[in-house]
Structure formats: C-alpha cells, structure tokens
Amino acid sequence: MINLRKTHPLMKIINHSFIDLPAPSNISAWWNFGSLLGICLIIQILTGLFLAMHYTSDTLTAFSSVAHICRDVNYGWLIRNLHANGASMFFMCLFLHVGRGIYYGSYLYKETWNIGVILLLTVMATAFVGYVLPWGQMSFWGATVITNLLSAIPYIGTTLAEWIWGGFAVDKATLTRFFAFHFILPFIIVALAIVHLLFLHETGSNNPTGINPDSDKIPFHPYYTIKDALGLMFLFLILLLLALFSPDSLGDPDNFSPANPLNTPPHIKPEWYFLFAYAILRSIPNKLGGVLALLASILILLIMPFLHTANQRSMMFRPVSQTLFWILTANLITLTWIGGQPVEQPFIIIGQLASMLYFLLILVLMPLAGLFENYMLKPKW
C-alpha cells in the first residue's frame, strides 16, 4: 500500500514539517515555545470568532455588548476570559521565545529572525487594537494616548493621527476600523507564521550548543510531538487557572467603567505586556524622542545579527554574555514595573536609568563581551 503521508501533495508538506522533520537531538524545553505560540494563536482565533458573533463595534453598544456576552451568552464569560488571558499567555510565550533566540544565537538565521520581529510587531498591533474594543475607560484613553503619538511625526503627524481616527478624536469611526483590523490581523499572523516556519525549515533548528547538529538528528515525531504535548498541558493548566480563578487580575479596574471622554483616569497605562515599551516612551521628556525610543526598543532586534561579535553562536559557554543577558532580563522586568507606576519620583529616574541600560546592554556591552570572550579563549602561548 502506498504511504499517503509521503505521497499525497498536502500530507507531504505536513509530513516534512511535523512528522519526518529531522530535528537536533539535544533541543531543550526552550524550543517548545514555537509550538505553544501556534496553539495560542489557534485559541485566540477560535475564541475571538465566537466573541465577534455577539460583539457590536459601536460606541453606544460596545461596552454593553461585552457585558451581554459575559452575562447572557452560553459560556460567554469563559470565552471572553480565555480570550483576554490567552493574550497574556501569548505574550508570555512570545517574550520567552525571543529571549531563547537571543540567548542561543538563533538570530543568526537572519530571514527567520526578521520575519519573527515582523510577527512580534503584528501581534503587538493586534493586541493594541483588541484592547480598545470593550470601550472601557482604559480602552478609550489608551487608544487616545497611543494613537496621539503619531502627531509627534513632523509635518504629517496631525493629518496621520486624524486619518487613523477617522475624525478629530477617537470615536465611532475609530472603534469600527479597530474591530476590522482586529479581525483581519490574526489571519495575517497565520500567513507570516507559515513563512517563519518555511525559512526555519530551510536551515533547520538551532540547538543549545550553537554547533551544527547535522551529524545527530532525530525525527520530530514521536520525540518532539510528545515533548510539545507536555508544554501544551502546562500552557492549558496556567491559562485555565487564570481564566477560571483570577480572570481580571491582569486587566485594569478602569475598564469596568464605560468610556467617558470627559473624565481622564488618573494614570493611563496599557496592558502589562506593553509596559516595558511604555516606560521607555515615558522616560524621554520630548514627545518625538519618546516615540523614536519606543520604536527603537522593538526594532533594535532587527540589528542583533550585526551586533554578534563572538566566535561562538550560543551563550551556553560564554559566562560574561550570560551575566549581561540576565541583567537585560532583570532590566526588562524593572521597566515593566516602572511602566505601571505614576509619573513621579523616584519612578522617573529609575525608568530613565533602566531605559538607558536597555540600549547600552544591547548596543555596547553585549558586543564588547563577545569580543572579550574571543580574546579570553585565544591560546596565550
């Protein structure tokens, strides 16, 4: 009998991608996050689809339609809680996935890395427009503050902001188009993820040592399908614990009040996963400077392959770079904390120092550490 898995045009693609794919024998649990991100995306699309069936993108009814979903729709509360907390899980996996890439030098697969950065930006855009949809106080004011940053662009800024708003302020037109964007972007993310995988399979996976693993490969199935299934169980466990026991712990209490353009909340802040970038934005007193720093904080990932100075790919055997990497991690956690604090001392100065250290670590200290480690590894006789 002909093996359909290896001959059928469609099954053949799936087979080469997930079944007979040769994978390095030593990849650790840090390589689980790619598949977890795929699952997160599927969860978000499915729950989002069911939410879209009951949601209305009108300023007068958006807030009450979300309340209606939670109160009157069968399991609507569960669908909404899974969708809202699923976004948090998505970003948690994303940050760990990017961190893994930096630690093990995966950014040297330039095409895969660049598509990954575009994916990160697209997911951030999707999450931002999605946060506006419930039309609560923080949704409205978050949208107002962040879209207003466009007006910092010289000459065309104000026109651009009004073009995005569809008027002279965030209003009905803005909400309608944000809903349209929030619906279409996940499908663009799916397409980008396929391209991401396509480029990854051109080179094969990296591994913890950073050494070419061609001499020791194993089939993806059953070894890594089982390993991914374990990660998936942990993901579901954490997501269900969040969604069922503490669904609002990562949200903002201001979003329990309908949007009111006449009443500004005392402290405007985005969701937790944007706080590090928000802290960098706020650390610069100049509006345009802040916007540029905000963009640079993400786009800096694109130049990482060119900042790699070490002779070894992975940080596994590079203790100085490892130390700097964990300082960077601690620094990002500090920035996340600062982003959620009011604009007053000592938070202002801590935010400015942490922002400066963020760029200093990536642009100067880590490349220097690579050169230093090269020097230390040279034979001295």
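Keep in mind that glycine also has a Cβ here, set from the backbone N, Cα and C atoms.
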Of the residue ranges 257-277, 320-340, the one that Swiss-Prot records as transmembrane segment:
320-340
If contact means at least 3 Cβ pairs within less than 8 Å, sequence distance 6 or more, would you call the transmembrane segment (178-198) and the transmembrane segment (113-133) in contact?
yes
Apart from its near flanks, which chain residues at least 6 from the ends of the transmembrane segment (33-53) lie with a Cβ under 8 angstroms of it?
69, 79-80, 82-83, 86-87, 89-90, 93-94, 96-97, 100, 182-183, 186-187, 189-190, 193, 228, 231-232, 235, 239
Give residue numbers and ranges for long-range contacts of the transmembrane segment (226-246): same chain, 6 or more residues beyond its ends, CB-CB under 8 A.
29, 32-33, 35-36, 39-40, 43, 78, 81-82, 84-86, 88-89, 93
Would you mind reading off the Cα separation of His196 (heme b b566 binding site) from His182 (heme b b562 binding site), to the nearest angstrom?
21
Cβ neighbours within the same chain of His182 (heme b b562 binding site) - under 8 Å, at least six residues apart:
Gly48, Thr126, Val129, Gly130, Leu133
